[in-house]
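This is the structure I have questions about; it appears just below.
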Amino acid sequence: MDEIQIASLLKSSELFPIPQSVKLSYGTAGFRGDAKLLESTVYRVGILSVLRSLKLGSATVGLMITASHNKVSDNGIKVSDPSGGMLSQEWEPFADQIANASSPQELVSLIREFVEKEEIMIGEKKKSAEVWLGRDTRPSGESLLRAAEIGVGSVLGSVAIDIGVLTTPQLHWMVRAKNKGLKATENDYFENLSSSFRCLIDLIPVSGNDKLEISKLLVDGANGVGGQKIEELRGSLSNLDLEIRNTGRDGGVLNEGVGADFVQKEKVLPLGFGSQDVGMRCASLDGDADRLVYFYIPSESSDKVELLDGDKILSLFALFIKEQLNALDDDKEGKQSRLGVVQTAYANGASTDHLRQLGLDVVFAKTGVKHLHEKAAEFDIGIYFEANGHGTILFSESFLSWLVSKQKELTDKGQGGSEEHKAVSRLVAVSNLINQAVGDALSGVLLVEVILQHMGWSVQKWNELYKDLPSRQIKVEVPDRTAVVTTSEETEALRPLGIQGAINSEIKKYPRGRAFIRPSGTEDVVRVYAEASTQEAADSLANSVAQLVKSFLG
């Protein structure tokens, strides 16, 4: 780094002094906190994004300003790698270091060290970085965006491009498309969704004509960006009757009593829904539209909902994709296609049993979307979802190119209308409709809706795939959470020694009992999860495991 570059960084970082007593850590959600305290962090992540771009040959990197399902006074920032995925985990420690550097001098010193270690060339005439900036609808977004622009601009020769108010998945999709050399505007995103949705609608079996009475879907937009974007998308969709509530335009507060996170955790109606909606199919997006859950109101006398969470969405997707794979001729390549389903230990045991009964390969990953995404990428088609409604479907490049050439081969043979051709075409359309970069509530809604039409199912019929086992989660405060060490899937505790044997003894007392413990990533608590055949049994098992945690950890 030359003297001019160092002077530029020192001068700009003086504009953003770090607030006292704030210590931040880069996790799955990036950095998050009270928006008033984040300007220095966002400025520094602007610099980090430039370094990431330069490291990867001047590829476009994305920077999203959002706090997802957090309250409106919060905000946050996360980086999208050129692949459209999350920031490489190897860079997270550096992100933590620069976010918490106490002075401009310390910040510049850390950057210098890192640039040397990673052999990043700054100030090369031929190499300039490009960072795309997006933000959600939070009022704090605009000033934080300015801080990001100054951070990007402080590295000489780099460019920040403000691409406006977006959902988080839109930014990830656009960054991925840009780096693949494809059209990458917001309009291209909408066009991609609507054309692949239409393609799947056209492939619905004709015998199902009597099923194609399109019932209305009610959408809770969480008073955030997702509600506004789905309104924009609605105009280009036929075969879908949408009514959108909680768009944020009618004075509602972002994520307050609304949204996927609220509905999934509380299992109650979001604001704006009531007894007039009994039996209707409803979907809830979260604040930045990367999570999706469905629900319906079983009766007028209750504010509780029947929830169809990420596990139910995963089961629906897996069933549909398996049906298409089964229709492919059993030639050598077709037989090798590996469909895998990835869950976390928090997935309801009934969903795991159901998926295994379908003959699917179910594997477990550590909690956190980045871990699930990594595991799903090991399959030809990998489907992952967390119960909170964040998930997607990944198609390997090699399997996708096999599908496309199979589609062409069948067309050339004059088998364009065959069942096999339709199945291949459906899989290709799904690969275009679903956002392969990250979980995306908008593309998720469209895929759920087209599969329900394909099957001729109501939301109630879908809900009957399996019945969730009652469960309970408890947080136990402990002096030192690092005393608990688990297997990589987090289903069993390796330390403290003896605790897993004691947990297993408790589990045996309950029909369909299952329980596990895991340390929190951010606070000195151990999380206990338990399920059993009745709610009373699940509560009792959770309490007895919590007691074990207290006695083993003091």
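Placement of Cβ uses the backbone N, Cα and C atoms for every residue, glycine included.
TrEMBL lists 58-92, 122-179 with the feature domain 'Alpha-D-phosphohexomutase alpha/beta/alpha'. Per TrEMBL, the feature domain 'Phosphoacetylglucosamine mutase AMG1' maps to 184-293, 309-457. Annotated domain 'Alpha-D-phosphohexomutase C-terminal' per TrEMBL: 474-547, in sequence order.
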Check the domain 'Alpha-D-phosphohexomutase C-terminal' (474-547) for me and report the mean pLDDT.
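A mean pLDDT of 95 is what the predicted model shows over the domain 'Alpha-D-phosphohexomutase C-terminal' (474-547).
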What does DSSP give as the helix, strand and coil breakdown of the domain 'Alpha-D-phosphohexomutase alpha/beta/alpha' (122-179)?
25 helix, 13 strand, 20 coil
Within the domain 'Alpha-D-phosphohexomutase alpha/beta/alpha' (58-92), count helix residues (DSSP H, G, I), strand residues (E, B) and coil residues, in that order.
4 helix, 13 strand, 18 coil
